[in-house]
Amino acid sequence: MTSRSHDTLILSLLAALMAATRINHFAPVPDASWAVFFIGGFHLAARTKLAFPLLMLLAVAVDWLVITGQGLSFWQHYCVSPAYWCLIPAYFALWAGGVWLRRHYHGAQWSALARLVPALLIAVALCQLIAQGSFYWISASVADPTVAGWFKNYTDWLGPYLRSAALYVAAAAVIQVAAERLSAPRRQPYAG
């Protein structure tokens, strides 16, 4: 498989995962969007200029389809405030976490896990800070914003978003390790 076809496959799989989970059609299945951007940064770092905007456009398109599918105006929906556009840097924080991990990745080793955990924690915390912080402070949804109210809201939602992202990233890590093991040259048994 060529590098281009590999990247196309990864991008297609990530897009399908985000589209399938972001729509809330399968209610018990958590939204994979945050994990998609982190995993995308890891696997598609060399194609950031193309892959990140495509996934960002897909996220907006899915939101538009869901909101207008409910008979609501996209631009009048409470989630689509001026803060909505802060999702671009928020999701890019996740992408950058994946890119950083890729740059420091030397194969499936325990040291990779030691880098994955803090990279994901920092990327998710920063994404939450930007996404939730901008919504809390910029949108008109919070009548009387306070620092204490913002901090409570931030900490209330950080755990669920981190859990969801970690679930999908862990699954991707298992697939990564399995793929590396399957593609590794096989050692011949010693015939001595």
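Note that the numbers count up from 1, one per residue, in the order the chain is shown.
Heads up, the Cβ atoms here are built off N, Cα and C, so glycines get one too.
Annotated features, as they stand in TrEMBL:
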- 55-76: transmembrane segment (TRANSMEM)
- 82-101: transmembrane segment (TRANSMEM)
- 113-138: transmembrane segment (TRANSMEM)
- 158-179: transmembrane segment (TRANSMEM)
State, in range form, which of 55-76, 82-101, 158-179 has the highest count of Cβ pairs under 8 Å to the transmembrane segment (113-138).
82-101
Same-chain residues near the transmembrane segment (158-179), Cβ under 8 Å, at least 6 residues beyond its ends:
17, 30-32, 34-36, 38-39, 42, 94, 108, 113, 116, 120-121, 124-125, 127-128
Checking distant contacts: for the transmembrane segment (82-101), what same-chain residues at least six beyond its ends satisfy Cβ-Cβ under 8 A?
33-34, 37-43, 45, 48, 52, 55-56, 59, 112, 115-116, 119-120, 122-124, 126-128, 130-131, 134-135, 137-139, 165
